Amino acid sequence: MKRVAVFTSGGDAPGMNACIRAVVRGAIYHEVEIFGIRYGYDGMIRGDIFQMSSHSVSNIVQRGGTILKSARSKEFTTPEGRRKAYEQLRKWGIEGLIAIGGDGTFTGASIFYNEYELPTVGAPGTIDNDLYGTDYTIGFDTAVNTALEAIDKIRDTADSHDRVFFIEVMGRDSGYIAIQSGIGGGAELVMVPETLTSVDDVIATLKQGWDRAKTSSIVVVAEGEEEGTAHEIADKVKEHLKQKDLRVTTLGHVQRGGRPSAFDRILASRLGLGALEGLLAGQKNVAAGIINDKLVYTDFKDAISKEKPLNPDLIRMVNILSI
Ligand code: F6P
């Protein structure tokens with residue numbers, strides 16, 4: 001294989017740049033021509049493709065976001081869009097692809113592979129950590145630390161005013177960011193889509209804390225929580241706890257930006273090089289991952305569809321530690 005292209009797609013994640021750098025430098029090391037595709041699948045369709053050099057990835061290992069830009073492409077979900085993308089890749093003589101992104105990216109890559117058999121290897125990049133086949137995804141650690149920093153700050157003001165704060169974190173349908181930032185931030189309660197927590201449970205837990213002389217409380221709510229958004233849950237709780245001052249903070253996209261942590265930079269470098277070397281060694285239609293510190297490859301199909309459950313020990317621990 002002599003010509004490989006790399007792209008980032010879907011929601012960006014801190015560490016994607018470190019991953020791109022590893023792919024590019026790895027390709028140059030292995031004497032493969034490397035091309036960047038801007039704006040993910042949209043850029044592939046438009047032919048927004050350029051040759052990359054070692055210099056094009058200088059000074060990016062520490063930067064959040066993605067120098068290749070990203071997009072969620074509607075057109076690539078159509079057979080016509082994918083055909084245009086394939087024609088562009090053929091025009092550029094691309095023989096293999098490295099797709100950096102989350103489940104939407106891998107779903108697109110898998111459909112594309114099944115149609116055109118262009119060898120593709122994925123590197124899991126999403127703050128949600130919701131992909132099977134890797135213990136951690138690129139960006140998750142940084143997002144948790146960003147959320148944690150915010151929770152620490154909110155705790156200060158919650159404490160000064162004896163308030164209850166509902167803090168909503170990202171994660172789409174997964175509670176990974178919520179459970180980890182909740183434990184790290186000493187939350188009284190963490191509400192995740194993976195377990196049932198009713199509004200009555202929330203009220204009971206808060207009251208239990210006050211009976212034990214707690215004056216302020218933090219409830220971390222995953223955005224995919226079944227009971228609703230943090231605002232909706234806070235409104236329901238308020239109906240029953242009129243005497244308490246409640247506030248809601250939705251952390252939002254702040255969790256997607258910022259300098260990647262050391263953990264994410266190293267993980268991204270390993271996954272980027274692992275994806276590239278896998279591709280050159282004949283891997284296709286798979287995602288690179290790290291499980292128990294070992295590089296592994298998992299079929300896109302499994303990476304997207306298999307469950308990666310939250311560690312039940314963590315869920316149990318929140319309840320014990322919040323006493
Ligand atoms: O998948 C990453 C993520 O940040 C999710 O946690 C969140 O649900 C979603 O992307 C937000 O997407 P967008 O940036 O398109 O609003």
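Cβ atoms here come from the backbone N, Cα and C positions, even for glycine.
Look at TrEMBL and you will find ASP128 tagged as active site, proton acceptor. Other Cβ atoms within 10 Å of the Cβ of ASP128 (active site, proton acceptor) number 26 in total over all chains.
The secondary structure of GLY102 (ATP binding site), as reduced to three states from DSSP, is coil rather than helix or strand. Within the same chain, the residues at least 6 positions away from GLY102 (ATP binding site) whose Cβ sits under 8 Å from its Cβ are GLY10, GLY11, ALA13, PRO124, GLY125, THR126, ASP128, ASP130, LEU131, THR137, listed in sequence order. Taken from TrEMBL, the feature ATP binding site covers GLY11, ARG72, SER73, GLY102, ASP103, GLY104, THR105.
In the three-state DSSP assignment, the secondary structure recorded for GLY186 (ADP binding site) is coil. Residues or ranges marked as ADP binding site by TrEMBL: ARG21, ALA22, VAL23, VAL24, ARG25, ARG155, GLY186, ALA187, GLU188, ARG212, LYS214, THR215, SER216.
Within the same chain, residues at least 6 positions away in sequence whose Cβ sits under 8 Å from that of ASP103 (ATP binding site) are GLY10, THR126, ASP130, LEU131, ALA303, ILE304. Taken from TrEMBL, the feature Mg(2+) binding site covers ASP103.
Taken from TrEMBL, the feature substrate binding site covers THR126, ILE127, ASP128, ARG163, MET170, GLY171, ARG172, GLU223, ARG247, HIS253, VAL254, GLN255, ARG256. Following the DSSP three-state reduction, the secondary structure of ASP128 (active site, proton acceptor) is coil.
The annotation domain 'Phosphofructokinase' is assigned in TrEMBL to 3-277.
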Alpha-carbon spacing, ARG247 (substrate binding site) to ARG25 (ADP binding site), which is rounded to whole Å: 47
GLY104 (ATP binding site) to ARG25 (ADP binding site): how many Å between their Cα atoms? 26
Which secondary structure state does DSSP assign to ARG21 (ADP binding site), in the simple three-class scheme? helix
Taking the recorded positions GLY11, SER73, ASP128, ARG172, which residues show a Cβ-atom distance to ligand 1 below 6 Å? GLY11, ASP128, ARG172
For the C-alpha pair, I'd like the distance in angstrom between MET170 (substrate binding site) and ARG72 (ATP binding site), rounded off. 17
If you count Cβ atoms within 10 Å of the Cβ of ARG21 (ADP binding site), leaving out that atom itself, what do you get? 25
